[in-house]
Amino acid sequence: MVLTKRANAKLAAEKPSKDAPKKAEPERKSSPARTKSPARKPSPARTRSPGRPKTPEGGRARSPGRPKKNATEVKDRSPSRRKSELPVAKPVQRSGKVTPTRRSPIKRTVPKLDLSDDENKDDVPLIVRKPRVFEIETTLESDDDRGRRSLSRSKPKNDLVNKLQDNLKREISVESSTSSILKRVTRSQNREVDRIIHLKNFENFANKMSEFSDEEEKPKQQTQRAASKINFNFLGILGVLSLIISIPTFVFLLLTQCSKDSCTLKSSFSSFKSIPLVFLNFLPSFLGYSSYFALLILLSILPWGRKVSNLPDKQEKRNYRMNGLLSAALLISLTLILETQQISAIKFVLNNYIYLYLSALVVGISLSILAYVRSFYVSVSALNPNIVNKGRIYNFFVGRELHPRIWGLDWKLFVIRSAVLTKLLIDLALVYNKLHVHLNISEKAFNINLNHLTPTNIVFLALATIFTFDWLIFEYTRITSKEVQQEAFGYYMAVTYLTLPFINSFVTKYVLDHNIKLSYWELGLVTALFLLGYIIYRGSNNQKDAFRKNPYSPSFSNLETLPTTQGKKLLCSGFWGLVRHPNYLGHILIELSVIPFILNTPLLIFVFIKVLFLIYRTLRDSRHCKQRYGTAWDRYCNKVRYHLIPKIF
């Protein structure tokens, strides 16, 4: 106890009191800085791997070839298949249709055993059939006595069981092969039948849904009757035959009736008799036109001008050279150069105008015959699908091949371009002769007399020049036209475009030769009518060309369209929302603006025929669009009700 008290007192004395001041702690010494770790030693460079051993000079040793077999050694032939003992029955032909030569055999079933003795039913062997495995089991009763009795009774029938086993093996082997084939064939046939029925039902349903039509299906007889109809253009074969003969003859007669003195049909055939239709007079004109035609081919083949591709279709991609404007500049320059060299090509054209028309007619007929013969040596896909079962005369007139080409030159675009270039050169020759221009570089003489031109001549020439150069500048829009894309090349296209320049320029010749004069207000009305038609013509063609190339362009976002079952769209606003064929309307207005210049003359028949032909083309195109687009075209017609003239037609 004494020790404990002393220890506690000692601890109390050592413990500082709360009021006692605290002792100051000594300052901490800063720890010494760490020694800098030594830098790593650079790793030694890797040893370079030894290269592959070089091949010996003699080359590597060739691997030994396969040992050749002895010629005397004969291969063991595999044993021949064992023929089936049971004859295979042929399937019964249930319909009158021709069945395929490879037929599946009739399925055979395993014959059942008929045992009249009821007591022996327990002793009948049970055959369990599995693929390629045959097992025979005997049903035994649970009791030992009955089991012994069944075994003892089955002994006399061991021979029967063995025979049945052999026969059943053969029949089941045949059945397993034939039944598997029969199942596969019948299963595939059932699938094909179900697929055909499904497609027929789905086709009717898709036609309704895709065309947004609520109408019921038309009777089959009506559709078959409509499909069996043969649609003829140009009033059928008789109309085609009359056009082949009458149009060139009628144009020739009209050209012979108009001269510088008069232009009337009352002069009978006196002027026609005075024309010396002699071979010697016709031959120089034909040679001159043939040389000019060859020059046009050369200018069209040369690789200059912008390249434009066709719209996607069933045939291959086609490229076109847009060099009409450049060809016109070269031809005009060449003509003026010949005049400066005292080689008057202009006088040759004016003095042999009718002979040149006949030369163009002969070349056009020859070209159409060549195209007709050539069409029999091209693929079927290159032919016009609208010529089936329509006769040789009709096919010759309309054309068989859609896009005949030689050396990259498209025949259709070439004859259209040649028509424009020929008209431009003939008009140039007429104006040159009217102004009495005299060019002579050696004498440095250039004389021109503008007093011979009247305001009427100036207005007429200006309107004709605008329409001619419009085609050369916007030549690329022809590629998307129905004429270039869908019509074939035949007599109609070749003869029409090669002779048309002489008909159109003859109107210019009449206006300049007879000094036609119109009042200023008449000239103003003519100019206004021409400009109205030109704006509609050019605007609608440009809109159609841009829409066919890219119907999803942002420029058409504010225009209304109609979908079709072919995946295309019909433009039903803008110019094409006014009438169904605004391009033909503009062309008709341009042709009508010529009437005041040739009033009371036989040349008025030319304008009348052109207008009738353009109206006919509107009706023909409407019929084709109806056949192609179906109910989508009906909806377009309900929205745009008039063909050419609003509120009238």
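Keep in mind that glycine also has a Cβ here, set from the backbone N, Cα and C atoms.
Predicted, not measured: the structure shown is a model, and the values here were computed from it.
What TrEMBL records for this protein:
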COMPBIAS  12-30  compositional bias 'Basic and acidic residues'
COMPBIAS  70-85  compositional bias 'Basic and acidic residues'
REGION    1-120  region 'Disordered'
REGION    140-164  region 'Disordered'
TRANSMEM  234-256  transmembrane segment
TRANSMEM  277-302  transmembrane segment
TRANSMEM  322-340  transmembrane segment
TRANSMEM  352-373  transmembrane segment
TRANSMEM  453-474  transmembrane segment
TRANSMEM  489-507  transmembrane segment
TRANSMEM  519-537  transmembrane segment
TRANSMEM  594-616  transmembrane segment
| Under an 8 Å Cβ to Cβ limit, what residues of the same chain, 6 or more beyond the ends of the transmembrane segment (489-507), are close to it? | 234, 243-244, 247-248, 251, 255, 258, 353, 356-357, 360-361, 363-365, 367-368, 371-372, 395-404, 411-412, 415-416, 418-420, 422-423, 426-427, 430, 483, 594, 597-598, 603, 606
| field | Outside the transmembrane segment (453-474), six or more residues from its ends: residues with CB under 8 Å to it | value | 324-325, 328, 420, 423-424, 427, 431, 434-435, 508, 511-512, 515-518, 520, 523, 526-527, 530, 534, 538, 541-542, 590, 593, 597
| field | Which of 277-302, 322-340, 352-373, 519-537 contacts the transmembrane segment (594-616) most, counting Cβ pairs under 8 Å | value | 519-537
| request: Determine which recorded stretch among 277-302, 352-373, 519-537 has the most C-beta pairs below 8 angstroms with the transmembrane segment (322-340). | output: 277-302
| Are there residues at least 6 beyond the ends of the transmembrane segment (277-302) whose Cβ is under 8 Å from a Cβ of it, and what are they? | 321, 323, 327, 330-331, 348, 352, 355-356, 358-360, 362-363, 407-409, 414, 417-418, 421
